[in-house]
Amino acid sequence: MSPLECSECFGDQLLHKTYTWHLTLHSRPNFTRKRDTRSESLEIPVNVILPQRGTEPFLRLHNLYSTPRCSRQAALPRMSRRVASQHSYPLNRFSSMPFDPMERPTSQADLELDYNPPRVQLSDEMFVFQDGRWVNESCRLQPPYFSPPSSFHHKLHHRRLAKEYQLQEENKSLRDENRALRDENKALRKENKILQVFWEEHKVTLGHEESQTSSLLHKDTTSQEVVKRDNTTLPAQRSKESTLQLIREENRALQQLLEQRQAYWAQAEENAASTEEGKSTSSPKEESHNSGLLPDQSTNHSSPFEDPKVPPTTQEDSKTLRALREMVNNLSGASGEEDGKVGPNLPDSAQPLQLLREMNQALQALQEENRLLQEENRALHILREEHRVFQEENKALWENNKLKLQQRLVIDTVTEVTARMEMLIEELYAFMPAKNNKDPKKPSRV
């Protein structure tokens, strides 16, 4: 049973399209001998089978006709050794291979047809067309060796159908799994969207709570910071106020001391002048009589600072001195405390002297600073004068440059005008007629 009539594999009677072409091989004449100019031809049918179900096309060369098709073919003699063609490469290279390497072509002997393979004699050898290629007749294989059994084609096709069926089943199962996975993916996306909405709502509520707690914490922290600042600024403000108050009291005390000293020194000078006048007028007798009273007077007038007429001034001086020393001790550190300890041990007569010395030192320092400031002020005045002088010089130079530029412009315009006038005069004299062949005198330049 041939594959063209197989109903078990394909289910139809006509499942292949068969196309047949006839190849005609013409042999050239052999010109080695002058008399032999004959040419012979050989006709070979080519059968091409195109299957319709899943198989691939392949080419077969067969001699489908046991008898010659026409009288001309029957009349053709066999190719002899003498007229054989020298060129055998078309026959040696011409082969028939199936397009599918898994399928072996079915020979015409397997199809149980009458089969006479074509033969060609080239040179001394005979070639037979067997299984799609030209084979030497001496090396020709027997049909049981090279031809597959008749059931090979059916088994191969059944295997292919089984593989295709398995692949289709696998594709169906994979499609079902893909659909199930898509459905699960859709459900998970919906759940994800719902969870995102819930999370945003929860986030908003958490943000409100955090803002409330943060506002409360911020208020608490601000109140604590304000309290801390107050606590830190209060002693600083108190210390500043105390120092300012001490400085004010010190200034007032210094002013009072200066006023008292001025009045005291003026009164002392008057007393000294009156005593000198009294001494000059008094006689030596009176001095001898009053010698007993001199020690008392000397004791009473031992220091110029002890004036019996002005007892409250000394008390005020001592009070102010003590206040000043206390302020100095408060402002200065341990050195001031040591001075305060030593100060009260001094006698009352030395306290105003020490105060005057300190005031004198302060005044000298202030005078030195004032002198330095005056020198700086003088230097600044000198610099201002120099700057003013430089400005005046720059202004004068700028005016001078401006005048020079104007002068240059005027000179350039005058030269240009004179040049044009000369050109015009020359043109006028050129147009004027000559008189007695005398050259006209050119006018002088303006």
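Positions of Cβ are set from backbone N, Cα and C atoms, glycine also.
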From 13-49, 87-123, 161-197, the residue range that Swiss-Prot assigns the feature coiled coil: 161-197
Integer Cα-Cα distance in angstrom, SER123 (phosphoserine) to SER274 (phosphoserine): 182
Neighbour tally for SER223 (phosphoserine), based on other Cβ positions within 10 Å of its Cβ: 10
Structural state of SER274 (phosphoserine), classified by DSSP into three states: helix
Residue pair SER274 (phosphoserine), SER223 (phosphoserine) - Cα distance, angstrom, rounded: 75
Three-state composition of the compositional bias 'Basic and acidic residues' (208-231), taking helix and strand from DSSP: 24 helix, 0 strand, 0 coil
